[in-house]
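**Q** Below are the features listed in TrEMBL for this protein:
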DOMAIN    2-178  domain 'Formyl transferase N-terminal'
BINDING   G12, T13, N14  N(1)-(5-phospho-beta-D-ribosyl)glycinamide binding site
BINDING   L81, K82, I83, L84, N98  (6R)-10-formyltetrahydrofolate binding site
ACT_SITE  H100  active site, proton donor
SITE      D141  site 'Raises pKa of active site His'
Amino acid sequence: MKNIAVLVSGGGTNLQSIIDAVESGYIDGKINVVISNREDAYGLYRAKKHNIKAVFENDENKIIEEIKNHNTDLVILAGFLKILSSKFTRTFENKIINIHPSLIPAFCGKGYYGLKVHEGAIDYGVKVSGATVHFVDENADTGPIIAQETVPVLPTDTAEELQKRVLVIEHKLLKEVVKKYCEDKIRVEKRRVFID
Ligand code: GRF
């Protein structure tokens, strides 16, 4: 069984989908700790409600220590809005995954977070958007892509409406990837990721 740490900055609906998938037995893993750089993150409250250790911490070195203390096999960034240093990403190389609410390499990288991602997609006029789960390297949203899924962008969409539609598939995609990771079914060769 894999040891999982989840990092959140906000509401934590992606965290909740992982908690539910662990509790139902879909994912063969254990969430040992949820860490947030924001004291008031609702994600911390979700963790406590499920008897998971919830830590508010902003200092990256302390976050690294906390993750190491639990023999963590997988670090999930689930709406974690702080950019990680290369020290962090090297410490947990190929063990950190992130969920991003667009089809990378579109609408990602610096400045593309929250509603800005969806505003970008709508303003550009794309007909499909979606979600991406990827490994995290030292740059924002550039690591090897593990899985992607699309949703339509409708002519009448507001950023909020598109965000909601994408969020539904985020929850599904993230738990599928975490399941495969916990079963050692994900392999990386350079930028290409293979799922058995
Ligand atoms: C999600 O859209 C995720 O893709 C992005 O931040 C948002 C977090 O939502 N990285 P939540 O906190 O999981 O509800």
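Heads up, residue numbers simply count up from 1 along the chain you see.
Placement of Cβ uses the backbone N, Cα and C atoms for every residue, glycine included.
Let's see these features in context: how buried, what's close, how far.
**A** Look at G12 (N(1)-(5-phospho-beta-D-ribosyl)glycinamide binding site): DSSP puts it in coil. Of all the Cβ atoms in the protein chains shown, 23 others lie within 10 Å of the Cβ of G12 (N(1)-(5-phospho-beta-D-ribosyl)glycinamide binding site).
All protein chains included, K82 ((6R)-10-formyltetrahydrofolate binding site) registers 15 other Cβ atoms within 10 Å of its own Cβ.
When secondary structure is read from DSSP and collapsed to three states, H100 (active site, proton donor) falls in the strand class.
According to DSSP, D141 (site 'Raises pKa of active site His') is assigned to coil rather than to any helix or strand.
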**Q** Please report how many Å separate the Cα atom of L84 ((6R)-10-formyltetrahydrofolate binding site) from that of D141 (site 'Raises pKa of active site His'), as a whole number.
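**A** Distance (Cα to Cα, whole Å): 11 Å.
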**Q** With every protein chain in view, how many other Cβ atoms are within 10 Å of the Cβ of N98 ((6R)-10-formyltetrahydrofolate binding site)?
**A** 24
**Q** Which one is it: of the binding-site residues L81, I83, L84, which Cβ has the fewest other Cβ atoms within 10 Å in this structure?
**A** I83
**Q** Looking at Cβ-Cβ distances, which residues of the chain lie under 8 angstroms from N14 (N(1)-(5-phospho-beta-D-ribosyl)glycinamide binding site) while being 6 or more apart from it?
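**A** For N14 (N(1)-(5-phospho-beta-D-ribosyl)glycinamide binding site), the qualifying residues are V8, A78, G79, I99, E170, H171, L174.
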**Q** In the same chain, which residues outside the set L81, K82, I83, L84, N98 have their CB within 8 A of the centroid of the CB atoms that define the (6R)-10-formyltetrahydrofolate site?
**A** L7, L77, F80, A140
